[in-house]
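All remarks here apply to the structure that follows.
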Amino acid sequence: MLSLKLPRLLSINQVPKGYQEQGILFGYRPPRSSAADCLLSVFQMTNETLNIWTHFVPAWWVPCPGSSAPVGGGGGSLQWDAHPLPPHRYFVWTLVGQLQGPGGQDDPHAWPLLAYLLTCCIYPLASSCAHTFSTMSTRTRHICYFFDYAALSMYSLGSALAYSAYIFPAEWLNSTFHHCYVSIAVLNTVVSTSLSCYSRFLEVEQPRLSKAARTLAFVYPYLFDSIPLFYRFYLCMAESCTEAAILLHYKHTLCAFLTCFIFASHLPERLAPGHFDYIGHSHQVFHVCGIIGTHFQMEAIMMDMAEHQDQRLPTSLLPSSLQTLGAMAIGVATNLAVIGLCSVSLHFMPEPLQR
């Protein structure tokens with residue numbers, strides 16, 4: 001009979017410093033595991049197991065009771081359906097549904113949404129893969145997380161494309177800032193990936209600087225992307241607006257700030273080391289808050305797209321499919337170049353000894 005032997009788990013004192021996590025004392029997988037061992041560990045309770053599943057599952061499934069669904073309207077445009085969705089929403093299947101629905105790829109107004117939905121699918125899947133295979137070797141660990149960071153940076157670009165098309169306040173449309181917004185977002189994507197990847201070279205010798213650099217790498221693009229949204233919040237507070245999507249944007253923003261706080265603070269395991277090694281440590285909560293925030297953001301963007309047909313960009317100002325694909329292609333190409341450069345630089349880093 002075929003039997004599978006699960007990898008032996010280690011304590012924090014048995015793994016190299018680069019594998020150690022603050023406040024996590026047990027449940028570490030052996031460094032230099034094989035790919036098969038990494039895959040088997042997905043079904044074993046380690047301190048990484050829920051990190052993997054909290055991003056893999058929501059890429060395909062996320063609960064959204066009582067929400068409404070955009071459906072195809074005349075001329076390929078989207079309209080809001082009063083009928084509630086089933087009690088589950090899928091990032092991947094939402095993208096597939098938009099591609100196969102009325103209008104779909106033929107509607108130029110839908111291309112920023114499609115680009116955004118694609119990045120919503122990619123970043124949790126990249127994160128799951130990074131957490132799964134991060135114990136194969138130190139260099140593999142770094143490269144896995146390089147791709148993880150690049151996927152997050154591309155998600156910020158996807159958000160910027162959607163915000164540019166559907167979220168911008170009417171008085172900012174066709175302004176200089178609006179014209180430059182996506183171009184700056186592309187640049188931010190490159191800077192974000194570069195800084196976050198570079199932070200991995202600092203984490204053993206300068207862990208605090210590494211953490212600060214990595215946090216800044218993702219906070220700055222989010223704050224820039226959200227400038228038009230923050231202005232809408234200001235208008236709503238000043239004029240008591242009744243836009244239905246604003247509440248969802250508020251929820252997304254709250255989740256975003258909570259996600260940042262949890263990532264930076266290492267709570268709760270920092271206060272009770274060893275008590276949250278397997279369930280409830282900050283990285284798991286960070287994943288859950290991030291996914292919930294993405295869900296609220298997706299719902300808000302689709303609601304804005306459907307409910308503000310009269311306020312959306314004129315056809316002459318809509319980003320064409322070529323412009324949307326161009327921004328995404330530049331982002332992908334430059335991120336791959338950054339990953340390649342950082343991966344080559346790893347050869348100059350010594351492989352830490354296994355304890």
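Keep in mind that glycine also has a Cβ here, set from the backbone N, Cα and C atoms.
Here the structure is a predicted model, which means the values were calculated and not measured.
Among the features that TrEMBL reports, Zn(2+) binding site is placed at HIS131, HIS283, HIS287. Listed in sequence order, GLU48, ASN51, ILE52, HIS55, CYS144 are the same-chain residues at least 6 apart in sequence whose CB falls under 8 Å from the CB of HIS131 (Zn(2+) binding site).
Outside the transmembrane segment (145-169) by six or more residues, the chain places 109, 112-113, 115-120, 122-123, 125-127, 129-130, 134, 178, 181-182, 185-186, 188-190, 192-193, 196-197, 200, 214, 217-218, 221-222, 224-226, 228-229, 231-232, 235, 294, 297, 301, 304-305, 308, 312-313, 318-319, 324, 327-328, 331-332, 335-336, 338-339, 342-343 with a CB less than 8 A from a CB of the stretch. Positions annotated as transmembrane segment by TrEMBL: 145-169 (among others).
Per TrEMBL, transmembrane segment is recorded for 181-201 (among others).
Residues or ranges marked as transmembrane segment by TrEMBL: 213-234 (among others). Within its own chain, the transmembrane segment (213-234) is flanked in space by residues 149, 152-153, 156, 159-160, 163, 167-169, 172, 181, 184-185, 188-189, 191-193, 195-196, 198-199, 202, 243, 246, 249-250, 253, 256, 260, 263-264, which lie at least six positions past its ends and keep a Cβ under 8 Å from the stretch.
Taken from TrEMBL, the feature transmembrane segment applies to 246-264 (among others).
Here TrEMBL flags 325-349 (among others) as transmembrane segment.
The Zn(2+) site is defined by HIS131, HIS283, HIS287, and by the 8 Å test on Cβ atoms against their centroid, the other residues of the chain that qualify are GLU48, LEU50, ASN51, ILE52, THR54, HIS55, SER127, GLN284, PHE286. Less than 8 angstroms from the CB of HIS287 (Zn(2+) binding site) sit LEU50, ASN51, THR54, HIS55, SER127, each of them six or more residues away in the same chain.
With a cut-off of 8 Å between Cβ atoms, the residues of this chain six or more beyond the transmembrane segment (325-349) that come close are 111, 115, 118, 138-139, 142-143, 146-147, 150, 153-154, 157-158, 161, 182-183, 185-186, 189-190, 193-194, 197-198, 200-201.
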